[in-house]
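Report on one structure; see the data block that follows.
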Amino acid sequence: MTVSLTTAELAKYIDATALKADTSEADVRRLVAESREAGVKSVCINPVWVPLVAAELADSDVLTCTVIGFPLGANTSEVKAFEARQAIDAGADEVDMVIDVAAARAGDRARLVSDVRAVAEAAHADGPAGDGGALLKVIVETALLDDDAIVLACEAAVEAGADFVKTSTGFSTAGATVEHVALMRRTVGEGIGVKASGGVRTREDALAMIEAGATRIGASSALAILGSD
């Protein structure tokens, strides 16, 4: 392990998440307060919580992130694009969309590109107030794909305008692995972000993902990861 980061430096890699169906308003408010204190990169919540989180974080450097087509990716592209634009208009700075997993498994590059492009165009469009768009992360759900399909999904995401590729929703059969992060980094090169999400629970887990090429970490256990230098 050659990566060495202070707690403050590591915090800037982390999207602190609360994405379970039973997440309450009290849970969200607690996550926001803890995330502000820790100085993480973003708070990632389901779209229903975007207005609250964006308002609570308005005077901080912590960004508001939400999820699109989550967790299955089985919505139509039009629905995903609408969901993304609605979330951005409500205050989201970043959106994490789930790909059409079936298209990736079938090797259908054109369908993948079309799906991601619809959301990329919605995410990157200037809003009605002229306040710009949002960063787009594309979840490929690595646990459901072989290596060839992971490469295809990452290539399609980049072609379609993604800013990041992301390993997992955290709601499938497995989460991020060092091997998949490294494969995704090799595939997209240095100009695109790579987010490791799902099963990253300790500081050692996070540093291993960063060593493999991750530039963002999604974690529901952000405070545990940041617990000590």
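Cβ from N, Cα, C; glycine included.
What Swiss-Prot lists as active site, proton donor/acceptor is ASP96, LYS195. Among the features that Swiss-Prot reports, active site, schiff-base intermediate with acetaldehyde is placed at LYS166.
Annotated features, which come from Swiss-Prot, shown on the structure.
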| residue | record | CB count, 10 Å |
| --- | --- | --- |
| ASP96 | active site, proton donor/acceptor | 29 |
| LYS166 | active site, schiff-base intermediate with acetaldehyde | 30 |
| LYS195 | active site, proton donor/acceptor | 25 |
Query raised in the report: How many whole Å apart are the CA atoms of ASP96 (active site, proton donor/acceptor) and the residue listed as 'active site, schiff-base intermediate with acetaldehyde'?
Result: 8
Report summary line: Rounded Cα distance, in Å, between LYS166 (active site, schiff-base intermediate with acetaldehyde) and LYS195 (active site, proton donor/acceptor) is 4
